[in-house]
Amino acid sequence: MAMKKLLWVVLSLSLVLGVANSFDFHEKDLESEESLWDLYERWRSHHTVSRSLGEKHKRFNVFKANVMHVHNTNKMDKPYKLKLNKFADMTNHEFRSTYAGSKVNHHKMFRGSQHGSGTFMYEKVGSVPASVDWRKKGAVTDVKDQGQCGSCWAFSTIVAVEGINQIKTNKLVSLSEQELVDCDKEENQGCNGGLMESAFEFIKQKGGITTESNYPYTAQEGTCDESKVNDLAVSIDGHENVPVNDENALLKAVANQPVSVAIDAGGSDFQFYSEGVFTGDCNTDLNHGVAIVGYGTTVDGTNYWIVRNSWGPEWGEQGYIRMQRNISKKEGLCGIAMMASYPIKNSSDNPTGSLSSPKDEL
């Protein structure tokens, strides 16, 4: 118990430091073209963004438009704020093409065939805690970054598998997204999108998945490395789908384990989200895979989901976003209740191999 409390203190401190170290700007930075250029140069330095001279002028114009969007939105009375993150000199179309699937239309894959068991094990759950945070319970690894690869589906899958494995074994092991990107090809398409459900099925049928340290992420699609994938570390027994368009059912599932979900993450406010409870403009055109790792309620009574993203720790609240929960639309905010699923693990048993050792535990 003492160790878990210590871990949460460290996490809380990192959240505070992350906010303190985020890139900021002020009214005086918007006063002239020269001050805006200086702001752009500071932003490039902060995020280590390299541009050719010709490209810089084009990107500067995009940056200016994004600065004004962030500035004007933050002046509004909204329960969330935006910031100039690493996407600040990308148009929203470019952002969606790379990070929210519009380039390859992989949101269509989220509507594919379902492989779940057809049952919902949490259907008869009565009451649930007022709040749950699987990070506090030690079931969530550090935030990862998918890079410029449409592999969000793999990251969403891995968060859920890492979570249920920790719940069943009391051991947190970072698992390999790259194995899914390189090797899970029956329905999934690597950096061009995929389905979390199909990834769960792949892990089940294969008998498990290897660790992050054994098969590290490269942010690009490669040939499946057969020498690594047989070193299995964690197995699952299948997966189930949460009843569609039912936030109450989703709540029951998240109260018991992290859950993979698909959302519409293509809006400008989502692109530049910084902190607070996101209530912003979005639709139900599912284009991004994430994972819900908890839920809660603000002091003013706003219900929210704690959503783990895969755009690195500088995006949002140290890589997370709080999204409004229990809205009037049955699909949930940004379609969060439309396609949720989670892995099943019936026992603490895992493959007995070279990777079943303490060295991979976090």
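Even glycines carry a Cβ here, placed using N, Cα and C.
Your range for motif 'Prevents secretion from ER', going by Swiss-Prot and the list 279-282, 355-358, 359-362, is 359-362. Take the candidates Cys183, Cys191, Cys224; Swiss-Prot pairs Cys149 in a disulfide bond with Cys191. Annotation: Cys334 carries the greatest number of neighbouring Cβ atoms among the disulfide-bonded residues Cys149, Cys224, Cys282, Cys334 [cut-off 10 Å, Cβ to Cβ]. Annotated pair Cys334 (disulfide bond) and His288 (active site), C-alpha to C-alpha distance, rounded: 10 Å.
Within the group of recorded positions (Asn309, Asn326, Asn346), the Cβ with the highest number of other Cβ atoms inside 10 Å belongs to Asn309.
The active-site residues shown are Cys152, His288, Asn309; of these, the one with its CA atom nearest the CA of Cys224 (disulfide bond) is Cys152.
In the predicted model, the motif 'Prevents secretion from ER' (359-362) shows an average pLDDT of 67.
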